[in-house]
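Below: one structure, written as structure tokens.
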Amino acid sequence: MTRTVSTTPFDDQKPGTSGLRKKVPHFRQEHYVENFIQAIFDAAGDYKGKTLVIGGDGRFYNREVVQIAIRMAAANGFGRIVVGRSGILSTPAASHLIRKYGAFGGIILSASHNPGGPEEDFGIKFNTANGGPAPERVTKAIYERASTITEYTTSDEADLDIDINGTFETGGATVEVIDPVTDYADLMEELFDFESLRSAIARGLTITFDAMCAVTGPYAKEIFEKRLLASPGSVLNFMPMEDFGGHHPDPNLVHARMLYDQMMGDEATDLGAASDGDGDRNMIIGRGIFVNPSDSLAMLAANAHLAPAYRNGLKGVARSMPTSAAADRVAEKLGIDAYETPTGWKFFGNLLDAGRATICGEESFGTGSDHVREKDGIWAVLLWLTILAETGKSLSDIAHAHWAEYGRNYYSRHDYEAVDTEAANRLVEELQGKLGSLAGTEAAGMTIAKADNFAYHDPIDDTTTENQGIRVIFENGSRVVFRLSGTGTAGATLRVYLERFEPADGDHDLDPQAALANLIKAADEIAGIERHTGRAEPDVIT
Ligand code: G16
């Protein structure tokens with residue numbers, strides 16, 4: 001029976017860079033989940049009788065919220081609800097299903113790369129009919145609705161058995177529980193030449209994929225080991241766990257250290273890759289070489305034509321502002337447009353929908369294409385595998401040839417995590433206050449050419465988004481960007497993005513931290529990082 005429940009609003013249901021992310025105990029407060037889901041439905045428009053996709057990355061609390069979401073979706077009048085078996089869907093797979101089934105949208109339960117467990121993180125995100133994260137205007141409307149909500153609609157229907165595929169009728173809606181992997185794996189077979197990848201693997205091309213005890217395990221097993229016949233054991237940590245085995249499912253040099261160490265040693269395979277909690281991020285490592293995400297984006301764009309889906313070329317390339325400009329150089333050579341957007345995959349949606357960009361990427365280990373409207377970890381790995389298979393070259397050779405052609409954008413991101421929020425805000429305010437007077441001054445012996453706070457004008461819907469990160473650009477072309485993360489759940493995370501260009505005929509084999517040493521010094525001089533945060537060193541360097 002459908003029933004209306006009285007509630008009072010919470011004042012903190014403001015979606016961040018990617019949905020609402022909080023600690024599990026916070027989400028477990030009475031009405032907290034229901035309020036937010038109702039706010040999504042109320043803000044999202046006319047969905048009566050339409051299809052909703054529901055799934056998540058399998059983290060702790062996923063199963064309970066899937067049942068709540070099913071009950072509420074049915075009670076609110078959705079006609080059809082498509083759920084990944086056991087409540088599982090990787091974020092790119094959910095994006096694909098929304099598009100494939102012509103759904104009104106999807107609710108994706110994930111806190112991405114953040115840790116999981118009873119005291120750890122949880123998240124709820126709404127994706128719209130194009131398969132992409134809800135744009136700013138929708139997330140704003142959700143927040144406004146959540147801030148004034150007085151009731152939500154649910155039902156007394158019992159929990160459904162979501163551990164078997166099948167079709168159920170509940171609360172006036174049809175619920176389809178489907179295999180979470182098949183549609184996605186089939187899509188990958190359409191984009192890439194699996195036959196040719198299989199023969200390259202049979203000839204000896206090897207891969208190690210670390211699923212980090214997160215959602216991509218079953219996807220990677222199916223695609224790499226079952227369909228491409230990579231040797232059993234190529235996929236590591238493939239059993240999704242509610243707490244990700246106690247680790248951060250964050251594919252970077254700190255949290256995917258085991259894979260990194262393997263790839264730097266005698267046990268290295270031709271390609272090493274990892275993805276995150278919900279399967280949208282990727283980390284790429286070759287034998288003895290880590291490729292940072294900004295370079296990976298540029299190299300994928302330069303070589304994408306080797307895969308059937310991109311044989312006819314790219315329409316454009318887009319990157320988030322803090323991502324290095326390496327991809328811009330490729331776009332210039334290819335004679336296609338390059339776009340610079342704020343951090344957040346949602347900003348790529350319009351460009352992809354309008355056919356302006358084919359490949360997008362971010363420094364935060366995200367790359368994807370117009371096949372879905374989310375970044376896609378396994379897609380990036382398959383494109384790299386294709387490049388290795390088609391060229392017969394090592395990843396190191398490909399990277400060095402790339403830098404010899406385009407030059408190298410030495411790049412690193414320094415994260416200061418769980419910083420006192422007030423201290424972080426003071427740092428940003430102080431920086432903002434002196435933006436106008438920085439040009440012409442020196443830091444670490446380098447002259448500042450320009451400093452601003454990045455604003456983005458969307459060429460498709462004409463909206464402007466301001467305050468997206470403070471950029472300090474030096475006369476020698478180097479750059480430091482300061483931004484506060486929009487995905488953390490404890491205090492503030494200060495991100496400092498560092499970039500220095502080394503021309504095509506320069507030295508491309510420096511340790512990035514050494515190559516950027518002067519810029520690191522300049523960043524502290526300009527922003528007073530240690531003075532404000534009390535931290536002499538970042539917590540995570542990628
Ligand atoms: C999300 C967004 C990305 C963004 C990243 C980091 O990724 O989808 O677009 O680059 O967060 O954001 P921030 O710097 O604000 O923490 P994910 O993988 O967490 O969904």
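Just so you know, glycine gets a Cβ as well, placed from its N, Cα and C.
A TrEMBL annotation is a machine prediction, not a hand-curated record.
Here the region 'Disordered' (1-22) has Cβ contacts under 8 Å with residues 29, 31-32, 34-36, 39, 75, 108, 110-112, 114, 121-126, 133-134, 139, 142-143, 146-156, 171-172, 343-346, 485-489 of the same chain, all six or more residues outside its ends. Per TrEMBL, region 'Disordered' is recorded for 1-22.
Among the features that TrEMBL reports, compositional bias 'Polar residues' is placed at 1-10.
Under the heading domain 'Alpha-D-phosphohexomutase alpha/beta/alpha', TrEMBL lists 13-152 (among others).
In the domain 'Alpha-D-phosphohexomutase alpha/beta/alpha' (183-285), helix, strand and coil residues by DSSP number 41 helix, 16 strand, 46 coil. Annotated domain 'Alpha-D-phosphohexomutase alpha/beta/alpha' per TrEMBL: 183-285 (among others), in sequence order.
Here the domain 'Alpha-D-phosphohexomutase alpha/beta/alpha' (294-406) has a mean pLDDT of 97 out of 100. Taken from TrEMBL, the feature domain 'Alpha-D-phosphohexomutase alpha/beta/alpha' covers 294-406 (among others).
Residue counts for the region 'Disordered' (1-22) under DSSP, split into helix (H, G, I), strand (E, B) and coil, are 0 helix, 10 strand, 12 coil. Remark: secondary structure over the domain 'Alpha-D-phosphohexomutase alpha/beta/alpha' (294-406) totals 61 helix, 18 strand, 34 coil, with classes taken from DSSP.
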